[in-house]
Each structure stands twice: as structure tokens, then as C-alpha cells.
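What TrEMBL says about this protein:
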- 7-121: domain 'Gfo/Idh/MocA-like oxidoreductase N-terminal' (DOMAIN)
- VAL13, GLY14, ILE15, ALA16, SER43, ARG44, ARG45, TYR97: NADP(+) binding site (BINDING)
- 133-245: domain 'Biliverdin reductase catalytic' (DOMAIN)
- CYS282, CYS293: Zn(2+) binding site (BINDING)
Amino acid sequence: QISKMFGTVVVGVGIAGLARIRDLMNPMPSSPSEHLKLFGFVSRRSFGNINEAKQISLEDALRNKDIHAAFISTENRSHEETIRMFLEAGKHVLVEYPMALSAKAAHELWEMAEQKGNTFVLKKHIELLTEEYKQLKKEVAGKDLVKGTLHFTGYVLDENKSGFPAFSGIARLTWLIDLFGDLTVTSATREKQKDKNYSRMTVHFQTANKKPLTWIEERGPGMRREKKINFCFTSGCLENFPEAPRSSVGLFMQDQNLFAKKLLGQVSKEELAAEKWRILRCLDLAEVIQQYCEEPEKIYS
């Protein structure tokens, strides 16, 4: 039995890209990741080599028949164009969230991947793989929500690169949909203080059972990266994250194993369909939120 190997290339060498290179070079023994072989990396800056990995040009990465898959770790703004190029070249793609900064582009890319028969994988949002999240999901399972808030704070992002907060913060949206099912946006506003480099987006949702959920995404200088929750259920409120064990397997590695499983055809059709729905649904909602926030103020006479 010859084991199937997939040649891979990492595009972009920021924090995520470097973690990808490290994990591809040191796969977990007897895990699906052993089927991925790193061919090199692509970057706009010139590095030569990083560890044993060699830098190759984008043209080579697209043309080389031995490269079957691309791990895209560039800034959000350039995801769409990069994904398109690799899909057109017939490669499988794994990309950091969000896959694009508009819902329309996301749907188009997905259709393109399906026509080409490529595994187009948005990496499962890494946030859903954290032990913190897995514990929270267990805690919430089977409870009836009365109302809830998820409040994220973080440092200032360059929106030209990372997109509107509903897109750059899509991890939070993914959490809410994964925990509480489909949501409808009832209103969304955004406050910006340019001089203070401060921004706060507040989104109100309703669950399928008409229960209110609020998502606040707040960023400013010196703000620590932190999530606060307050979920109230008929049985009581949850105001702190449940204690979570440390995982022995790093997040990027967990997610790389998942990607390899998909390439090897070891993930069920149902699971893939549910994931596709969730990803596209979150991008559709992000777009609705952006439209709400950018509407001119309604003036009541």
C-alpha cells in the first residue's frame, strides 16, 4: 500500500505561516499530517530558506505538478485573489479565516472549487479547536438560552488589510452560530473615534427561538485581547469560561490533521456540508452587519 502524499506550499510567512511551516516539517507521528509534504513557501519578501524550507516563486507554486495543496496565510485583503489563483491551477486550498471580505466572493470561490473538484477548505476556525471553546460548547449543550452577550476586546487592526470588523472578527460570529444555531441580525451599529483609534461594533441577533444575543467587538490602543461572556439560560447564567485542560496537540496541528483527513477522503459528506453551510452563513451575516453599520443615520423629523 503506497501511502498517498500531497505536496504542499505555504503562502505568506507571518505568525500563522511560520507555524504552518513548522508543523508541516514536523508532523505528528502516524497522524493524517504525515501525508502532507512541504515543498516550499511563497512570500513577497525574500528570505531564502526558513529552516529546511525553501522559498519558491508564486509562478512555480502554481505551475508545479508536484504541489497539490496551498496553505494560504496572507493578510485577509489578499485571500480572495490568492485562493482564486490556486483553485484555477487545480490545487486544494486551506485558508485562514475569513476566506474573502464579501459574501458574494465567498460563494463564487466555493462554487469554483466544487466545479474543479478541489477540496477547498477553510480551515475550521482555529477558535473552534481551542480547549476553552470545546469546554464552553459542552457546558452550553442542551440548555435553553434566555439571552446572551459575547464581548471581545483587542488591539487596533488596520482595516485596509483585515477588512470590516464583522469580517475580521468572524471567529466570534462562528462561535455564536456553532453554539446557538442560526441567527438573524436585528440591528447593528458602530462607533468610531478616529483621533483615539478606537472602534466599537455592537450587533443584536435573534436565535431561531426569538431569543436575543449581542456581540460586541471593541478595539483600541492598549486593549488586551480578551473575550467576556454572559449567557443566561433557564437554569442560570454562565459568566466565566469553564476551566479547560491544556491540549497536548497545538491548534495549527489539529487543523492541519483535519485538512489532511479531508484530502484523504476521511471526512463524511454530512460534516463537510454542515461546515460549508456554517462558513458561508457567517460570511453572509458579516455582510448584513456591515450594511447595517454603514447605513446613513436615519433622521426622524
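Quick reminder: no glycine exception, Cβ is built from N, Cα and C everywhere.
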What's the number of neighbouring CB atoms sitting within 10 A of the CB on CYS293 (Zn(2+) binding site)? 19
Counting only other Cβ atoms and using a 10 Å cut-off, which of the binding-site residues ILE15, ALA16, CYS282 scores lowest? ILE15
Mind computing the max CA-CA distance among VAL13, GLY14, ILE15, ALA16, SER43, ARG44, ARG45, TYR97, which the record assigns to NADP(+) binding, rounded to whole Å? 22
For the binding-site residues VAL13, GLY14, ARG44, ARG45, the largest set of other C-beta atoms within 10 Å encircles the C-beta of VAL13
Excluding near sequence neighbours, so keeping only residues 6 or more apart in the same chain, what lies with its CB under 8 A of SER43 (NADP(+) binding site)? VAL11, GLY12, VAL13, GLY17, GLN55
Between the Cα atoms of ARG44 (NADP(+) binding site) and CYS293 (Zn(2+) binding site), find the distance and write it as a whole number of Å. 34
Just to verify a number: CA distance, ARG45 (NADP(+) binding site) to CYS282 (Zn(2+) binding site), in angstrom, no decimals. 33
Roughly how many Å lie between the Cα atoms of ILE15 (NADP(+) binding site) and CYS282 (Zn(2+) binding site), rounded to a whole value? 24
For TYR97 (NADP(+) binding site), list the number of other Cβ atoms lying within 10 Å of its Cβ atom. 22
Give, as a single whole number between 0 and 100, the mean pLDDT over the domain 'Gfo/Idh/MocA-like oxidoreductase N-terminal' (7-121). 91
Please report the distance from the Cα of CYS282 (Zn(2+) binding site) to the Cα of ALA16 (NADP(+) binding site), rounded to the nearest angstrom. 22
